[in-house]
Amino acid sequence: PKFESVAREVCKSTISEIKECADEPVGKGYLVSCLVDHRGNITEYQCHQYITKMTAIIFSDYRLICGFMDDCKNDINILKCGSIRLGEKDAHSQGEVVSCLEKGLVKEAEERDPKVQVSELCKKAILRVAELSSDDFHLDRHLYFACRDDRERFCENTQAGEGRVYKSGPREQSHSSPAALSPQCREALTTRQKLIAQDYKVSYSLAKSCKSDLKKYRCNVENLPRSREARLSYLLMCLESAVHRGRQVSSECQGEMLDYRRMLMEDFSLSPEIILSCRGEIEHHCSGLHRKGRTLHCLMKVVRGEKGNLGMNCQQALQTLIQETDPGADYRIDRALNEACESVIQTACKHIRSGDPMILSCLMEHLYTEKMVEDCEHRLLELQYFISRDWNELMPPGAVFSCLYRHAYRTEEQGRRLSRECRAEVQRILHQRAMDVKLDPALQDKCLIDLGKWCSEKTETGQELECLQDHLDDLAVECRDIVGNLTELESEVLLSVRYLPQDVADNQIDSGDLMECLIQNKHQKDMNEKCAVGVTHFQLVQMKDFRFSYKFKMACKEDVLKLCPNIKKKVDVVICLSTTVRNDTLQEVKEHRVSLKCRKQLRVEELEMTEDIRLEPDLYEACKGDIRNHCSTVQYGNAQIIECLKENKKQLSPRCHQKVFKLQETEMMDPELDYTLMRVCKQMIKRFCPEADSKTMLQCLKQNKNSELMDPKCKQMITKRQITQNTDYRLNPVLRKACKADIPKFCHGILTKAKDDSELEGQVISCLKLRYADQRLSSDCEDQIRIIIQESALDYRLDPQLQLHCSDEIASLCAEEAAAQEQTGQVEECLKVNLLKIKTEGCKKKHHIKNFIKI
């Protein structure tokens, strides 16, 4: 009553301003407690001084704290927290009672089934006392006595008040540090930090700095359903959400938030959920690792599958903690990462200001470069594993990102699109996920067994995803679906995110155009070898499903549904559509069944497939053994294997020979599909045949073959193709068309003996030559045979029958002439001169026939 009467006199105007205090009943002692509660709002000098003195007196003995004794009497007895006798005067021991209750409250939060539970009324009273003592460490009697010496050592120049002394101790609190806090002080501070985790207002500086922001963004505890305390985690997440939405949170508040986020990441023991859910895992996997974030990173490492399994409750607790602390927004929050990556940040990311969220992105971009150090790589991947997962419990992992991705590459016609900045972020994350499947939650979840079965030895950058794509047909259904969907979603940018520098990959290039450009230029001297390999790999992946070729899918999806339903593999879709186009062209229909935009893209796909035999799976499968036997030293790409098989055609197995013959037939009908010819003669086509269409390209080159301006290499290639054409009339479309009536009329006997897909070795052409001598051919056919006779007279290799029957004679009698690089009829002349020396009847006969035919 005496304290109250003085207060009513000294604080008259203040009481009238604070309604709650004015309403307190007289003589109960509640008025002084009310003024103590509101002392931060007191502006009257004398009143403030008086209440400050009263606060020190009240907090020296918990029994003087209004209501505390009533609310916590039973708990003090149950927890055996000391004496509650009215005569006890030792201030130190009375401070211990409050400390004991605080420890009981903290312990309860860390146990799944606590033996003793603090009553709800006492919990509120304990936290209220901690809140009221938060501005001046003198008011926390237990902490004051435990840390008196430490205060003199570390904070002698720090004025008490506004929570300054609490924050001014050394951040490094390990036992080994020479400047470490005393054990009793560290324990008392830790208890207080744990109380802050349960009620943010126990931190004076945090509550004061963030008061207006909490109100502004409606982060009051009342907004959290079923909340009993104003938990630090709720405050952090609510204000972080405001920052991420672009709202303005004061710099003082953000500074305080940063301190406490860092605190939670450094010391796992301050998170009751971690203690509660991960106690067994910490003891089993992470014993001996404590502060500085090492224990948390140890648990993260276990989750990534490097040391064993983590319980779901522990994993969820870790996810929640990462969400609360949000180290993705500022790498400095994660001390273990910060220390491990300091050298990398100083070299690779020095252009980015400290604390910028892009530091983490910069580190990820340098993940597998020479600038990265091993310890940093491990800490980075451990953190990214959690950052890459979505936290909303109502959605499956990765759902938000998948949705963003689907909208990232929409056309304007398809509806709403992402902003340029958001699209760049989506592409950045793709870049990161392509390097490590563990950063893709759904993929890791569904493909864990397949990764172990097919890809256990694939540990280099990006190899696991490549391996899954290579084994797509062997994967379990759920894994196959998710790898297929991922490959389809990423098809237009997969190469750029995996193999290109980030600045190039981020360019806003039309979907799929980058891929086409890379394919067209992958054999250029300036092309990075790793990128060229990546381009080829992705081409091979595309063959498994036509959806993986973005531009092809977009141009032809309606045509495929209509004309090629239920066909999945890209090569089969190409064959189906190409056959339809060819049939419509031959039948000269008025309206093609395949749309114009699809026909254009189909042409691109056909041309790309000619560059590597592996892109034509049927041909590749049929010729695998022959490739081993005849082309083992030849590299894939640039159609080199295909050319090798053509050169060894007579030695090929029947199945491979058949496929090569069919390929040559297709190429002769459409020379643009002859990759080697088009590559070797590229400049000559520009010079001599700029107006020629794809079907007449070879014919045009043949007509200009003997020009002085003709490139020797191109001329040699043209000759090779002429030799091939003369082995079988079916490989010479112009002759076939010109002689379509003459061949069945004069050479019917040869046709009846012919086999599909194997050469007639020039028999039909020889047959037509005889009829040419009799002048019985149609005029168009006669013109074509005349050209063949003229050409073969100059180059014996163009006459397969002569070669077949006179090979020994040419080798023994005309070896020098046959070896000449430029064939101008030398071999023919040599055989004439040596006619009497020719012993073989077949050769004599063929040579006599040749001389008999007049041009």
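Using N, Cα and C of the backbone, Cβ positions are placed for all residues, glycine too.
TrEMBL entries are annotated by machine, without manual review.
Annotated features, as they stand in TrEMBL:
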REPEAT    180-247  repeat 'Cys-rich GLG1'
REPEAT    248-307  repeat 'Cys-rich GLG1'
REPEAT    309-371  repeat 'Cys-rich GLG1'
REPEAT    417-476  repeat 'Cys-rich GLG1'
REPEAT    526-585  repeat 'Cys-rich GLG1'
REPEAT    593-653  repeat 'Cys-rich GLG1'
REPEAT    709-776  repeat 'Cys-rich GLG1'
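Per-class residue totals from DSSP over the repeat 'Cys-rich GLG1' (593-653), listed helix then strand then coil: 42 helix, 0 strand, 19 coil. Under DSSP, residues within the repeat 'Cys-rich GLG1' (248-307) fall into helix, strand and coil as 43 helix, 0 strand, 17 coil.
Within the model, the repeat 'Cys-rich GLG1' (309-371) shows a mean pLDDT value of 88, rounded to a whole number.
Secondary structure by DSSP for the repeat 'Cys-rich GLG1' (526-585): 47 helix, 0 strand, 13 coil.
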